[in-house]
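The structure appears right after this line, and notes come after that.
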């Protein structure tokens, strides 16, 4: 979901048990490497999405394809990777936070710890996970978006961060936090779609397959045999699409809020920063109202095409890397 980060869960009959019992070191390592792979694949699409959502830049591009070609022509291929440093730098921590919060919100809903969670419980756990992780993803994405909106030259993540802190303080880094939290409730749809797809296509349980989790490696191998890779890839793709479609309008609002500064220099002191009363993107409601009045409802889906295009290869690549690392380290 958030930005280029894509959470990973195992597609298994006992989803909660696998998440809980998998060696934390293996899961953390595999999830981090997979997250990095996902970010690298997703970043070009994310840059195009941000440019299309930014009201001051969107008029430069006629379509998704035109945005790709224009950025490459004017800023070279590396222009598509502006802002990639901040999500890469927080990938490991985000992976650990997603793992811990998803496990927590799943366990607190289960009366029987040995029972698999329902799809509704998975959705609730995912949404809760998204809200908590927004505390990290919000400032990370703000810095990334500011870098992606720079035309021509480049600016470092450190410089962008220091400029924001100097002008607006720590609150400036958390501009758009509410919108990010609402957007990231899409983790619920992500996890639910993934597990739901796996359950739909999974054959009837085989009595010879272990269910007591005494040998995790054997269980993973058995699960791989009864759940074809094609199903796992489909589940990953469906998860990516569902996660974005569920809350995409809020992503547009978040991008617009984080693309602009909420403060201006006080004309009286010439030094102190004060809230800008003329900023149409001050809050979620003001952003929603101004955007709808000036551009109509279609604005809330601007950038959806590159996002959906990227969701398929990104989630497939992320899942493949995760499963490969788990098998290798197990």
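Cβ coordinates come from backbone N, Cα and C, glycine included.
In TrEMBL this protein carries:
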type     : residues : note
REPEAT   : 22-108   : repeat 'Solcar'
REPEAT   : 117-200  : repeat 'Solcar'
REPEAT   : 227-328  : repeat 'Solcar'
TRANSMEM : 229-248  : transmembrane segment
- Take the transmembrane segment (229-248) and find every residue of the same chain, 6 or more past its ends, with a Cβ under 8 Å from one of its Cβ atoms. 1, 6, 11, 182-195, 197-198, 201-202, 300-301, 304, 307-308, 311-312, 314-316, 318-320, 323
- Task: Please spell out the DSSP helix, strand and coil residue counts for the repeat 'Solcar' (227-328).
- Result: 72 helix, 6 strand, 24 coil
- Message: Mean pLDDT across the repeat 'Solcar' (227-328), rounded to an integer, is what?
- Response: 83
- Note on the structure: Reduced to three DSSP states, the repeat 'Solcar' (22-108) has 72 helix, 0 strand, 15 coil
- Report the DSSP secondary-structure composition of the repeat 'Solcar' (117-200) as helix, strand and coil residue counts. 71 helix, 0 strand, 13 coil
